[in-house]
Amino acid sequence: MRKRFKGLALAAGVALAGLSAASQAAPQGAAAPAGVSNIAPTTANATAPAAPASPLLAQDGAPATTIEPGIGHPVAGRIGIQPQVTTNGQFAHWFHDSILVPLIVAICVFVLLLLLWVVFRFRKAANPIPSKTSHNTAIEIVWTLAPVVILVLIAVPSIGLLQAQFKPAPAGAVTLKAIGNQWYWSYQYPDNGGFEVTANMLKEKDQVAKGERFRTDADGPRLLAADNRIVLPVGVPIRLITTSQDVIHSWAVPAFWIKLDAVPGRLNETSFTIKQPGLYFGQCSELCGARHAFMPIAVEAVPLAQFAAWVRAKGGTMPTPGKASDKVIPQPGAEGSAAKQAEGNAADAATGPVENVTTTAPTSSQGATGNPATGNAGQ
Ligand SMILES: [Cu+2]
């Protein structure tokens, strides 16, 4: 089923790419203000007219990937964790459902039964002369040690999971840099030519002006659908780097077991591997201002070949199929970072006393944060 769908999507993509030049020019031109009406600037890709050539999106912006019911998005009335598509997520899901919840339930039931038994057994009517017992060494040792043992048993897999969640990506990972903005996400693929994608929430039909693009069910659930999806390959490690332009945001996709704060001036990093193709939705998960609830994340996970086609359609490059560069991305202000190098150059070029290094702002920022490098130059 999925295989057939993949083939269809690919075929549709190729067909669209071929047709786009001829048939798409007219409607796109007519609907030109559609993209402009978004809140955030969508001028990310200045080099290539990417959208029409994208093998994954139809010309009108309709996605070629369809949503699988119950996977990658919330469902009304569902209790519990979303189905997981990463190793960490699957382990955490099992840990939660098979260890933690049963344990909590068992402890609660046990304590409740003890209470009921004590209330019944030691009631006044049955004990006209109260017992004077005040200590019982054996039972005190048990009720101290038993919780300790339980906590230690829980701690072992917990700490293992915690460690796994922050494991650096292995060599050959594809790097995705997610940048939080008030209030939208922008994305860069530093290993794939550094093109940028801006993702805004799609509004409902009654919220947009005539001719403007609005959300359809194919785009995704209300408040979760984005005009541009992030495309990532399946089965390839993803190096996720987050940062922010303004305030703290958080890049979170429940189906990936990923929630990583995006902090201005800093880079946070984690890695994950998506196991199955599909559409996965998430949201900013750090209260970041008035429109915090309206900066969704939509990830389209596709086979590597399709990812490569999308990258090329966006004007990017694939270093080696399935193998991104392993270059180290230095933290702002660290040795080897652009800001540090610029600082060194500025110091070399200075002929007189330098009153304040930070005033000689390097022309090139480190790029990782997108912030001017002046804030780091003096450190
Ligand atoms: Cu935010």
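A Cβ is built for glycine as well, from the same backbone N, Cα and C atoms used for every other residue.
Just so you know, TrEMBL annotations are computer predictions that nobody has curated.
According to TrEMBL, the feature signal peptide maps to 1-25.
If you look up TrEMBL, you'll see 99-120 (among others) marked as transmembrane segment.
Under 8 Å from some Cβ of the transmembrane segment (141-162) lie the Cβ atoms of residues 88, 91-92, 95, 99-100, 103, 107, all in the same chain and six or more residues away from its ends. Among the features that TrEMBL reports, transmembrane segment is placed at 141-162 (among others).
TrEMBL lists 171-313 with the feature domain 'Cytochrome oxidase subunit II copper A binding'.
The region 'Disordered' feature in TrEMBL is assigned to 318-379.
Under the heading compositional bias 'Low complexity', TrEMBL lists 367-379.
If you average pLDDT over the domain 'Cytochrome oxidase subunit II copper A binding' (171-313) in this model, you get 91.
Within the domain 'Cytochrome oxidase subunit II copper A binding' (171-313), the DSSP-based counts of helix, strand and coil residues read 22 helix, 62 strand, 59 coil.
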